[in-house]
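Copied over from TrEMBL:
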{"type": "TRANSMEM", "residues": "45-67", "note": "transmembrane segment"}
{"type": "TRANSMEM", "residues": "73-95", "note": "transmembrane segment"}
{"type": "REGION", "residues": "111-131", "note": "region 'Disordered'"}
{"type": "COMPBIAS", "residues": "111-129", "note": "compositional bias 'Basic and acidic residues'"}
{"type": "TRANSMEM", "residues": "135-158", "note": "transmembrane segment"}
{"type": "TRANSMEM", "residues": "164-183", "note": "transmembrane segment"}
{"type": "TRANSMEM", "residues": "195-215", "note": "transmembrane segment"}
Amino acid sequence: MTTTQKSLNVDARFVLPDNDCEQQATPDVEIIEFDYSKRSQWLRAAVLGATDGLVSIGSLMMGVGAVKQDVKAMILTGCAGLVAGGCSMAIGEFVSVQSQLDIELAQIKRDNSRRATGEPENEGDREKLPNPAQASAASAVAFAIGAAVPLLAASFIGEYKLRLGVVVGAVTVALVLFGWLGAVLGKAPIIKSSLTILIGGWFAMAITFGLTKLIGASGL
C-alpha cells in the first residue's frame, strides 16, 4: 500500500493542467483590416492631379514648342499653366467632393428618419464620408508636382529638338511612376494602370503638338 501511494503521488505531481496550456497557447487576437475606401478619398484626387499636371503642362509646352523655339516662351507658358491649373484643380475638386458629401449626408438623414427603432446613425459610415478640403489640397499639390516635371526638364536645355525630347522623356517616366504608385497604394493592377496613363499622356501630347503645328503653319 505504501509503494502504491507513493507512485500515485509522483504521477500526480507531473500532471500538467491541459486547460491552462490551451488557453495560454491560443490567445484571442483581434485582426484589424485596413479600409482602403478611406485611402481612396485622397488617393484618387492626388493621382488625378499629378497625372493632369504632367499631361496638361507637358502638352502645353509641346504645343508652344511646336511654333516657338525660344526656351523662355516655353517656360513662361508652363509656369502660367501650373498656377492656373493648380487653382482650377483645387476649386473643381472641392466643389465635386462637397457635392458628393452633401448627397451622402442627405442619404444618411433619410435612412435615419426611416428607422422605426430610432437608433443613432453608424459612426463608421460617417468616417467613410469624403473630405472636400483634403481632396482639394491633395489635388492642387499633386498637380503642381506633376507640372514641375516638364518645367524642370526643359529649364536647363537650350537646344530646341533636344529640349522637346527631354520633355517627352521626363513626362513618360513620371507617368509610369505615378501610374505604378497609384496602383500599389490602391491595390490595383500595376501594368494596366501604368499603360493606361502612359498611352493617354502620349496621345494628348501628340495631338497638342500636331494641331498647334498645323495652326502655326496656316499663318493664324
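Cβ coordinates come from backbone N, Cα and C, glycine included.
Curation does not apply to TrEMBL; its annotations are automatic.
Values in this document were obtained by computation on a predicted structure and should not be read as measured data.
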Leading contact stretch, 73-95, 164-183, 195-215 vs the transmembrane segment (135-158) - CB distance under 8 Å: 73-95
Seg_contact(the transmembrane segment (195-215), the transmembrane segment (45-67)) with at least 3 CB pairs under 8 angstroms, min sep 6: yes
